[in-house]
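J.: Pulled from Swiss-Prot, these are the listed features:
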BINDING   G11, G12, S13, G14, R15, M16, E37, G101, T102, T103, A125, G126, N127, M128  NAD(+) binding site
BINDING   R38  NADP(+) binding site
ACT_SITE  H158  active site, proton donor/acceptor
BINDING   H159, G168, T169  (S)-2,3,4,5-tetrahydrodipicolinate binding site
ACT_SITE  K162  active site, proton donor
Amino acid sequence: MSDVPGIVVTGGSGRMGRMLIETVRGSDAARLVGVTERPGHDWIGADIGVALGGAAIGVTVTDDPLEAFATAQAVIDFTSPAATVAHAELTAQARAVHVIGTTGFSPADLAHLEAAARHAVIVRAGNMSLGVNLLVKLTEKVAAALDADYDIEVIEAHHRHKVDAPSGTALMLGEAAAAGRGVALADVSDRGRDGITGERKRGDIGFSAIRGGDIVGEHDVLFAAEGERITLRHVASDRSVFARGALKAALWGQDKGPGAYDMMDVLGL
């Protein structure tokens, strides 16, 4: 097993962190070599197997990401924008593949990630699942085929704990729709309607976000015209689809040169 890539999972106590740990541990193509958590977390210094309620596996949770990254060939990161930006500088130093599923980045954050990608392989996507990335491609094709008589709305739903909106996946879908129409999303995006808004502006791409319960992730792209509607839909029922995609990205990046990649590159779409 020592000849397979070593993976570090950041934010191991979170919902995605736990799923990533389970996915890596269950894979014959990778091995778990590190888990990080924020300073002061109860798990610091504990064996991750014990922290998760099982037997020790010889991997200690640390609050020193550079130490953890130094032993890894890839880092899988579903944390916060601030943490991910800090991690990007360290993965570049460690020459480890950095797989980023974090969302909610500011333009300044993205600039930092682009700078880090000059020295490291960074695979970043708002969604790591095959189904969603196929949906992105379909959205672009449908948007290109239909004119502005078809109003485009992106509707997404997630669990009550999600802190950013629209979701990274919704923005991916919006970007795809805008690309299909040959426009910039920033010029046509409508992210909030409240009160007397007036009529819908022709050509706009609207976003709606739902938060509640334990919804893993649901995304609809609606093309609505007079007399007919087309809906493209993806429903994730289990976070394992994201974890499997992230691990696939980590393995795919092993023989790639420094640069910024996404799941379309990983999946060859």
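Glycine is treated like the rest: Cβ placed from N, Cα and C.
Any idea what these are sitting next to in the structure?
T.: Sequence-distant neighbours of R15 (NAD(+) binding site) (same chain, six or more apart, CB under 8 Å from its CB) are H161, R239, listed in sequence order.
Within its own chain, R38 (NADP(+) binding site) has G11, D63, A83 as residues 6 or more apart in sequence whose C-beta sits under 8 angstroms from its own.
For H158 (active site, proton donor/acceptor), applying a Cβ distance below 8 Å and a minimum sequence separation of six or more within one chain yields S167, A209, I210, R211, I215, V216, G217, E218. Taken residue by residue with DSSP, H158 (active site, proton donor/acceptor) is part of a strand.
In this structure, G168 ((S)-2,3,4,5-tetrahydrodipicolinate binding site) is part of a helix by DSSP.
Within the same chain, residues at least 6 positions away in sequence whose Cβ sits under 8 Å from that of K162 (active site, proton donor) are R211.
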J.: Of the binding-site residues S13, E37, A125, N127, which one sits closest to T169 ((S)-2,3,4,5-tetrahydrodipicolinate binding site) when you measure Cα to Cα?
T.: N127
J.: Would you mind checking how many other C-beta atoms are within 10 angstroms of the C-beta on G168 ((S)-2,3,4,5-tetrahydrodipicolinate binding site)?
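T.: I get 19 for this one.
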J.: Beyond the listed site residues H159, G168, T169, identify every same-chain residue whose Cβ lies within 8 Å of the center of their Cβ atoms for the (S)-2,3,4,5-tetrahydrodipicolinate site.
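T.: Going along the sequence, the neighbours appear as T103, G126, N127, E156, H158, K162, S167, A170, G217.
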J.: How long is the line from the C-alpha of N127 (NAD(+) binding site) to the C-alpha of G168 ((S)-2,3,4,5-tetrahydrodipicolinate binding site), rounded to the nearest angstrom?
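T.: Distance between the two Cα atoms comes out at 7 Å.
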J.: Using Cβ-Cβ distances, find the residues under 8 Å from H159 ((S)-2,3,4,5-tetrahydrodipicolinate binding site) that belong to the same chain and are at least 6 apart in sequence, listing them in sequence order.
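T.: Non-local contacts for H159 ((S)-2,3,4,5-tetrahydrodipicolinate binding site): R211, G212, G213, D214, I215, V216.
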